[in-house]
Structure formats: C-alpha cells, structure tokens
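Here's what TrEMBL has on this protein:
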- B:15-227: domain 'Cytochrome b/b6 N-terminal region profile' (DOMAIN)
- B:49-72: transmembrane segment (TRANSMEM)
- B:97-118: transmembrane segment (TRANSMEM)
- B:130-151: transmembrane segment (TRANSMEM)
- B:163-184: transmembrane segment (TRANSMEM)
- B:196-217: transmembrane segment (TRANSMEM)
- B:230-406: domain 'Cytochrome b/b6 C-terminal region profile' (DOMAIN)
- B:250-270: transmembrane segment (TRANSMEM)
- B:282-301: transmembrane segment (TRANSMEM)
- B:313-333: transmembrane segment (TRANSMEM)
- B:345-367: transmembrane segment (TRANSMEM)
- B:373-395: transmembrane segment (TRANSMEM)
Amino acid sequence: MIRLFAILIGLVFSGVALLSFGVGAYTFATEEHEPTAEHEFHLAPKDVAYSFDGPFGKWDKVQLQRGYKVYKEVCAACHSLKFVSFRDLADLGYSEAQVKALAAEWQVPGIDPDTGEATLRPGLPTDRFPLVYPNDVAARAANNNAIPPDLSLMTKARHDGTNYVHSLLIGYADPATYKNAEGKSLAQEFPEFSTPPGLNFNPYFANLNLAMAAPIAADGQVTYDDGTTATVDQMATDVAAFLTWTAEPKMQQRKQTGTWFILFLLFATTLAYFSYKNIWAGKKPKKGSSE
Amino acid sequence: MSFPWANHYEPQNPLMKWVDEKLPLPRLVYNAVGAGYPVPRNLNYMYNFGVLAGFCLVLQIVTGVILAMHYAPNALVAFGSTEHIMRNVNWGWMLRYMHANGASFFFLVLYLHIFRGFYYGSYKAPREMIWLLGVVIFLLCMATAFMGYVLPWGQMSFWGAKVITGLFGAIPLVGEPLQIWLLGGYAPDNAALNRFFSLHFLLPFVIAGVVILHIWALHIPGSTNPTGVEVKKESDTVPFHPYYTAKDGFGLGVFLILYCLFVFFMPNALGHPDNYIEANPLSTPALIVPEWYFYPFYAILRAFTFDFILTAQLWGVLAMFSAILMWFFLPWLDRSPVRSASYRPLYRIFFWVLMVDMAALFYLGGAHAEEPYIMFSQLATAYYFLHFLVIVPIVSSIERPKPLPYSITEAVLGKDDDAQLGATVAAKA
C-alpha cells in the first residue's frame, strides 16, 4: 500500500519535472539566442604573482607601504577603509612613532572639547580610517549616482579579488576601438553597445561600464619613497596587494599557524595509523574479505 | 543492550569503583564506546563518518559558543562585529574560519554517512528508528546551518534568507502571513536576525539530544556491516575499544588534515564572495545561491518552471521538502531483506546512478538559473524522485540477490567452521 502510494507520488513529481523540462527544452530550441556584449567581451582577471601567494606566502612590507601610499593619494578621495584602524599599519613595518605620524595625517570626526560641537581632529592610532562621505546620498551626488564601495574587504568580495582589482585598474579602454584578445572588435560585433555618459568602459567589470573613471591614469602619478618606478601597472599591483592586506590582515599568521597544524597532524596521524595497524594485526584476514 | 559476550565493566581503581557505585557513568561510557560494546569486525572506512559527524558537532558548538561571546546580533552592527572577530579578537579569525568551514565539513561527513546508509541498507529493520532519528538530525542541521549563514549579515546572508523564507509565501492562503510571522516583518531585518541567532544557538543542543537518542537506538541492534549479515557470535565482533577507537582515530587524523587545509590555506573557497559585502536590501546580487551543501535541494526547487495545476513555485517548494522528507519512508519503500548493496546487483547499479544524479544536482544547484542548466536540473530532479519512490520499491521486489556469506566470520576469514555444520548451527542460532 505505502509503496503503491509512493510510486504514484514519485511519478507525479518526476512527471511535473519532465513537463517543465519539455516546455523549457521547446522554448530553448525555438527561441533565438542573442549573445550579449557582457557575455562575449567580459574578461577574467589577469594573473599576477605576489609574495603572499601559496601556502608559505609572506607580505612584502615595502610593497604594502607603496600600496598604502597609492590608496592614500588616489583612492582615498572616494573610497573609505572603515574596518581598518591606523594602528593596524604597524603590520606594514612601521614603528609606533611612524604609525602615530601617519594617523595624524588624517582628519577624523571629533568633538570640540570646549563647545561639544562636532569637529575634525587629527587621527590617533586607535582610530579607524575615516569615511569619505557623510552618507550614501552625498556619495552618489559626488559620483555620477554611483556609490564608491568601502575597500576594506574588496579583494575578498570579488572572485579572484586581488587580480581583479589590479586588472580593473589597468583595464580601461575606449569602446570605439576596443578589440579583445582574439582580435574581435566590440564596435563591429555589437554596434548598439554604448557607454553612457558618466560611465567608463572596462572589460573586467561585470557589465563593462562602470562609474569610476580610471583612477590611475598616468605613470608617476604617485611618487614612491623607495625609488620604485611608479608605472600604472606597478601602482595597480601595489594597491591590489595593499587591499589584500586590508581584507585579510591575518593571512600570513594564518598560513604560518596552518603549517604547524598540518605538520603536527601529519605526525599524529602517522602514529595513529601505526597504532591502528598494530592493534588490528591479529584480527586481519590473510586474504581479502568479500568487501 | 548489546551482545551476551560483551565485556563487563570491572573497575580496578578504587576511585573508579567508588564513582561507579554512586553514579555508573564510567560504566555507561564503557558500554557505549568502550571495550564493553562489541562491533562487527569487518567495518570499512565508510563506517567512520558517524564518529566524525559527532566530532563536527562538538567542534561547531565549541567554536560557536566562543564566537557568540564577540558577535552582536543586530542588523546595524552584525557585519561589523563579524569583522571585529576577524581582526581584533585574539585568534578570532581562526575560530570563525573553523566554524564556517566546520559547517561545510559537517555536511560533507553527513552526506557520506547518509550515502553509506543507502548503500549498506542501514535503514532496514531492525534499524528503522536509528534511520528516522538520523533524518531528524539532518533536518535540524540544515535549519541550523541556514540560520547560521544569515548571521554575518552579508549580501548572501540577507538574500538567501529572503529567498528561502519567501518560499513559505508560495503556500496558498496562509503563505504570506506565515512568512511575515516567521520573519517578524516583510523582509529579513533585525527581528529576523535576532530570532535566527537565538535559534542558531539553541538548535545544536537539540541536535546533541537527538544524537544521543540516535546512538542509543544504534546500540540495541548494533551497527550494520558491509555484508549486511547480522552478528551471530563472538568471532563476528571485536570490542569497540581499542579496535574502532584506533581505526576512527586514524580516520579523524585524515579528516583533520583535510579540514585544516581549508581552514588555514583556502578558508573562503567554499563560501561566496558576495557575503563580504554588507547586506543591502536595495541591491540584489547577480546570483543568489545558498551554501554548497544545500545545492541539490536548491536545484530541485528551481527545476519546476511550469505551472501545472499548482504554480511552478509551489511545485518547487513541495518537491524540495519532499526530497528529504521521503527519506523517512525509505525503510518501508525498500522491501528487500538483503541489506548490503554488495549482494544486490540491480540495486547497486541504481545506487551509483543516484550518486551521479546527486553529483549533477550538486553542480546544478550552484549554477546560474539559465539554460541549459535548468534543463539538466529538471532531468536530474525527475530521476531523483524516480529513484526513491519508484525504482527502489520495484527493484526490491523483482531483484534476485547474490548468495550471502554464512557469517561475518566467514566473510572475513574465508571460512567459518560453524557454517560447515550447516543447518544444525543455523537452527541453534
């Protein structure tokens, strides 16, 4: 009885699923499939090698310092870093005094000690990086109706985030003349494709047009303190490294801790294996069982 | 409980003697997972996952309780408090990655444990109650994990909660009021986040309770084994300790190595990047997907696209819930007296087809809701229901199983002297 009932229910469910399949397949076969520009011209980020790649990766502190400089001088005009505190900058190899000085270069919200009114004061190491805009409306008003997202977690909030940030920054192109790696021209393949005024064409961005204009536009835009030549690519690479650190400041500690965990576990598991074999020695058959 | 030849607890140490007289807890442990519990001697590694699931539960509770000391379940600060754990709490990053990946590994282990049950017929008499309790545990784990994923209050947290609670809206008449009641509002917000946190804290202890019942029920008939032939005598078994504590200990080591590779070297590989964006009710992500362990059921939900008497959405919801609830009936759908698929040539083929089907559903549940993925998930869904509700009942009545070994001893050693005596011994046993 119960099985008869089950067979009936099973046939109903799979029948309705197959019905959906039939209708879907018919539509699929009869409908025309217009390829979209997003589908044909969107690019996956380019691979860049970093010192923190791999299981034993470590921060390149000098690179992070360069990246911080790019952030401060370029990105910070629009993007906040609200989950990062100035004291975290000690990770980049700065001394306590240097961190204090770096923090003081920023203006953070404070309270006037005499009047109690809201004011700005120089940052302290315990402060977070300040917000750029008081609210979303102000952010939109200043950026063509788009909100510049907080960058603290950006490299974890996108697939292949570190490479994505780098590629995005160097990927701007002119849609009228853009050709992809196979030599296909966007303007020829998709004559209707357009980049609306106020937006900028970038094949690494999901829908190819984004509100941020190329923030790093020319070599030498930032002057590096360590003498590295500040090409566009170098600055993009360095700021992507810096943003990887802001998103996952504990990465190096995590990998190092993990290495010890794995080494210990390999040792313990080997011991466990031999004690298992030892204990079972008398119970195992000479030849294989049926399983 | 247990077999007549089980070892008896005889404490030597005067302190243990004293404790045992007052409170026989050491005795309970000895009989449950110690030398007092005889277990079939031929269990393979597929029988390791129950212990591992228990380990995962403890791991989740321990890491979870500590995380709860630092987390704030309020929509305004939840995302920030999660980041606070990652950045400022000592070893907070490790606890959180252990907890998040722990959920994934818990489900990995649960799935393997359940598939083991499908293959070796663990649900069959006299073990129906163990199976029923197991399905309850699985459902509770799904509810717990779903609510846990909402807590960081990222984009996927929010939209996942919205989509899944929205399913209740598909129920005719009562759907919408029910959804509002569940969420405490029209969309997930502070009220929803708070109750999810409360329940997410509570349910693991409920799970622990049901796990105790599950193990209690298990200890009456004892485990199945790869032959599916019941234990007949002492030479069929070994004491749980030290034999299976040693074997499971090794299994635990292998499990932990794999787990730590994820926790420490690719902690976000199983998550979704969108959950590192703070929840925003005004911006819908391009793709809304649950965690990977819900993919098969999410694929089934989305497979129904055609209104046939009921709306497609309602079909999807019914199918998704039925896909798990029907496991409750499995002991009565499969009538074959032979437990192990090793001796069921026809069932074994369908078992492996089901595994391929499940793999397809796992893949399709995470894919974009577009063709051709939807078509494949429709086919895979159709097979899923056919398998459990049509194929299993029919196969179990028409199949001709292979001859079973006389005993576990015979299966292991190749011969069993008792079997030579034939019918006399069989009659005695």
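Placement of Cβ uses the backbone N, Cα and C atoms for every residue, glycine included.
Long-range neighbours of the transmembrane segment (B:250-270) within the same chain, counting only residues 6 or more positions beyond its ends whose Cβ lies under 8 Å from a Cβ of the stretch, are 45, 48, 51-52, 55, 94, 97-98, 100-102, 104-105, 109, 291-292.
The average pLDDT the prediction assigns to the domain 'Cytochrome b/b6 C-terminal region profile' (B:230-406) is 95. Sequence-distant neighbours of the transmembrane segment (B:49-72) (same chain, 6+ residues past either end, Cβ-Cβ under 8 Å): 78, 81-82, 84-85, 89, 92, 95-96, 98-99, 102-103, 105-106, 109-110, 112-113, 116, 148, 151, 197, 200-201, 204-205, 207-208, 211, 248, 251-252, 255.
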